[in-house]
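Visitor: I am attaching a structure below and will ask some questions about it afterwards.
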Amino acid sequence: MVDDRSIRTSASPAATGRADAPGIAARPVLEGPDIARVLTRIAHEIVERAKGADDVVLLGIPTRGVFLAHRLAAKLAEITGRAAAVGSLDITMYRDDLRLHPPRALARTEIPGDGIDGRLVVLVDDVLFSGRTIRAALDALNDIGRPRAVQLAVLVDRGHRELPIRADYVGKNLPTSLRETVKVLLAEEDGRDSVLLGQKDPGPRAGHAADG
Amino acid sequence: MKRHLISAADLTRDDALLVLDTAEEMARVADRPIKKLPTLRGRTVVNLFFEDSTRTRISFEAAAKRLSADVINFSAKGSSVSKGESLKDTALTLEAMGADAVVIRHHSSGAPHRLATSGWINASVVNAGDGTHEHPTQALLDALTMRRHLSGVGRDLEGRRITIVGDVLHSRVARSNVLLLTTLGAEVTLVAPPTLLPIGVEQWPCKVSYDLDAVLAKSDAVMMLRVQRERMNAAFFPTEREYARRYGLDGLRMAALPEHAIVMHPGPMNRGMEITAEVADSPRCTAVEQVANGVSTRMAVLYLLLGGSEPAITGTRTDSADADGRPAAEAPEAARTEESK
Amino acid sequence: MSKILIRGARLLGGEPMDVLIDGERIAEVGTGLTAEGADVVEGEGRILLPGLVDLHTHLREPGREDSETVLTGTRAAAVGGYTAVHAMANTFPVADTAGVVEQVWRLGKESGYCDVQPVGAVTVGLEGRKLAELGAMADSAARVRVFSDDGKCVDDAVIMRRALEYVKAFGGVVAQHAQEPRLTEGAQMNEGIVSGELGLTGWPAVAEESIIARDVLLAAHVGSRVHICHLSTAGSVEIVRWAKSKGWDVTAEVTPHHLLLTDELVRTYNPVYKVNPPLRTEADVMALREALADGTIDCVATDHAPHPTEDKDCEWPAAAMGMVGLETALSVVQHTMVDTGLLDWSGVADRMSARPAAIGRLAGHGRPIAAGEPANLVLLDPAYRGAVNPADFASRSRNTPYEGRELPGRVIATFLRGRATVMDGKLT
């Protein structure tokens, strides 16, 4: 699935291939072991930058960001010996392209019991593209509480930002063209771990859907 | 493409589940410090009430406001409507005011259908109860309540046995519930004296019984309909006492229900008539919960009708999610045309 | 008045014949006719029938000239092939005195498009309590023979009995709008499966049938004749069939819309389908067609009921009941009875001209097409097919249930006592 939930208009870089149609001759750029390795690295970076990660709350952005957040939480627990707070943050209702599509089904927002006030929130997503998803996530956070700080962790940064947003933790920087698609597969959803780089389907479906 | 919600029959099983699942997420907003979402900012929802119903109006108003829509309340009392302005002129006025949705409660069966199909107005029309016809959002909130107690979030009501008791003839709640609950796989039984059942009810997708006691033990939920005392004067039943004795739900009858069964009532209740205080105040009675579920259900309906380029309630869709578990992300042709504007 | 030669039209759907009209009468019927200086009307492929007679028309004047006047209503009648209409009594004021019926009669004379025979009210103000001056109306210039409270039922059995007896003195007939009022309080549509689903108050068939049963028994008891307006149910057909089998003097009419439309249309909640008696089920429609074919039902009557737009452009329960019908009746009858093989054109002439004229005791109408008879004729093209467009109506009102529906047949010419009121499908 390409970063299907982030927010952009069809005229934007988002107009890449279909979410579930990675295009012609998709080629893996990260495989299972690579993904495990970069998540371990990100977990260490979080602990280091957050000075022990005591007050970290990991919030995954559905769908795949949530799985990544839970994997990171497990790794944080291994490193620090304490359970890490983890949850999910659905940004559907805060999207800036709602009126460009039929309404979407909502995903679950699950805030850990102690809330986010005064905590360090790390947003977790699979692919960083236009940045619109993250803008929506920041708006959604605003309605939920007031964190001490907000950081962003992504598995892949494929560039083409449309907003002044950058990631604090990046698994892999992947320079792409707009004709390419990036699809993240995770075992929890897709049966295996992989990041695929493909060509946008030039067919009639190419112009819509994937809002990366 | 359904732009309106006029009848529970407008909803396919997938549509209904989408509304219920969305309502579950909307319900969680009520637990947050800021009980508001920006989703319908800039959209105008008109509550057009030709019939007094403070409860329903407030429920729709709260739903629209939690989604940041602008809300205009237009009630027949004290307005031009009571001075003989026609439904058509009212509709044209609302159109001129830029209404995106009209939530209509009307004493005439079919008035919302007429509003939606007459060409007077472009807004989405939501039926908030019309005459003795339908009340689809009530059926949706009832289904939401039943699902939580009987089958669990995310599921339908397959095989659940729902008994609806009382004045079916005059009940829009009963009509909408029979349609929706059947769509969701439930087995519905109507119980009423024969005088309060419509001609042709045997053609409805449900069972009919005149004997409440015979069906209680086989009910997962019992929904008691409000019975208006004035029906007695039109000889639908001899006395209130006789009605309550034969068709009212008291503690003894409640004890005959299976342990897990719930008692529902759309409100307002006639205590002592169709339901005794003992039952109404028991923990098995979900009347208050139904009211709370009303707001989330109506938020879901407004979001799905107004939240995008076109309504998500298609009336035809068979698969509601793509491989990702999201709704089919590709915008249909119509939506794309919209995008290119 | 000059001579008109209608050449080669199929008389009552039979062999092509020529018909020569001289002045107000038919001069000659035959083949190969010629006439010096006669206007020739080409009749090839067309059907020639006696001018149609409607037993049941609401012309609305006096009182509701916003929906129809005698002039606009008779123009509509001419377009539909009618040469005589019975104007119902539910006007404002009600046609319950000699003065009002004479006024309507005179307006009809002045219009010149169609003979207007006023119907007198049975009771004062249609209120069902006190007999109107039936004799005075019968003796007036309007020579009223049909009495009806149509729109309301004469539900009091004693009043009905008295009316049936009283009109015997001058050969009158009571035309009953059969609707038991208590069973139809607030009624909006046929009571059945559809009304149950739509949540609209039902108008049960038994409310019609119980009154018809009572009235045929009353008519038999007092030895009078009774006419049943707009019969609409299969059960009513059975009762009328039984009464006729007893030899009682019972006649009945059916409207074109009850021969075609069913209550399924109400699912649209479009009040253009709201009518009294209501549209019934398909089984009723089939029984009505069969009864019209076998003569149990004597005639087709339009119940032409014009209403202004605002009375239909609203929610269903607020809407007025009724449909216009004069300009579409013949097409609907062709569609439902002729094209289905249930009735031939001579049968249509009988059910739409001869029998209604006989029931109304109307002289000069419903006559055979023969030399010496008044030249009241309609020439129609049965091969025509076209969608109904209310904007083309001569009626002042547009409340037709057939808008956009393709119906067969079209009136080419209508002759009222030798004068063409319609020629080439247009009013003259």
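Note: Cβ is positioned from N, Cα and C throughout, glycine not excepted.
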Visitor: Per TrEMBL, what member of C:ASP150, C:ASP155, C:ASP263 joins C:HIS177, C:HIS230 in binding Zn(2+) 2 at one site?
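Guide: Same Zn(2+) 2 site in TrEMBL: C:ASP150.
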Visitor: Select one of C:ASP294, C:ASP298, C:ASP303: the residue that TrEMBL places in the Zn(2+) 1 site alongside C:HIS56, C:HIS58, C:ASP150.
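Guide: Record source TrEMBL; matching candidate: C:ASP303.
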Visitor: How far is it from C:HIS56 (Zn(2+) 1 binding site) to C:HIS230 (Zn(2+) 2 binding site), counting Cα to Cα, in Å?
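Guide: About 9 Å separate the Cα atoms of these two residues.
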Visitor: Run through C:HIS58, C:LEU59, C:ARG60, C:ASN90, C:ASP150, C:HIS307 for me and report the binding-site residues whose CA is within 10 Å of the CA of C:HIS177 (Zn(2+) 2 binding site), in sequence order.
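Guide: Close binding-site residues: C:ASP150.
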Visitor: With the Zn(2+) 1 site defined by C:HIS56, C:HIS58, C:ASP150, C:ASP303, which remaining residues of that chain have Cβ atoms positioned within 8 Å of the Cβ centroid?
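Guide: After dropping the recorded site residues, what remains is C:THR57, C:MET88, C:GLY151, C:CYS229, C:HIS230, C:ALA301, C:THR302, C:HIS304, C:ALA305.
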Visitor: Report, in whole Å, the straight Cα-to-Cα distance of C:HIS58 (Zn(2+) 1 binding site) from C:ASN276 (substrate binding site).
Guide: 13
Visitor: Can you list the residues of the same chain, besides C:ASP150, C:HIS177, C:HIS230, whose Cβ falls within 8 Å of the Zn(2+) 2 site's Cβ centroid?
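Guide: The surrounding set, listed in chain order, is C:HIS56, C:MET88, C:SER148, C:GLY151, C:ALA175, C:GLN176, C:ALA178, C:GLN179, C:CYS229, C:ASN276, C:PRO277, C:ASP303.
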Visitor: Could you state, as a whole number of Å, the largest distance between Cα atoms of any two of C:HIS58, C:LEU59, C:ARG60, C:ASN90, C:ASN276, C:HIS307, the listed substrate binders?
Guide: 17
Visitor: Kindly assign C:HIS56 (Zn(2+) 1 binding site) to one of the three DSSP-derived states: helix, strand or coil.
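Guide: In three-state terms, C:HIS56 (Zn(2+) 1 binding site) counts as strand.
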Visitor: Check each residue in the chain of C:HIS307 (substrate binding site) that is at least six apart in sequence and keep those whose C-beta is under 8 Å from its C-beta; list them in sequence order.
Guide: C:SER67, C:ALA320, C:GLY322, C:SER397, C:ASN399
Visitor: CB neighbours of C:HIS56 (Zn(2+) 1 binding site) within 10 A?
Guide: 28
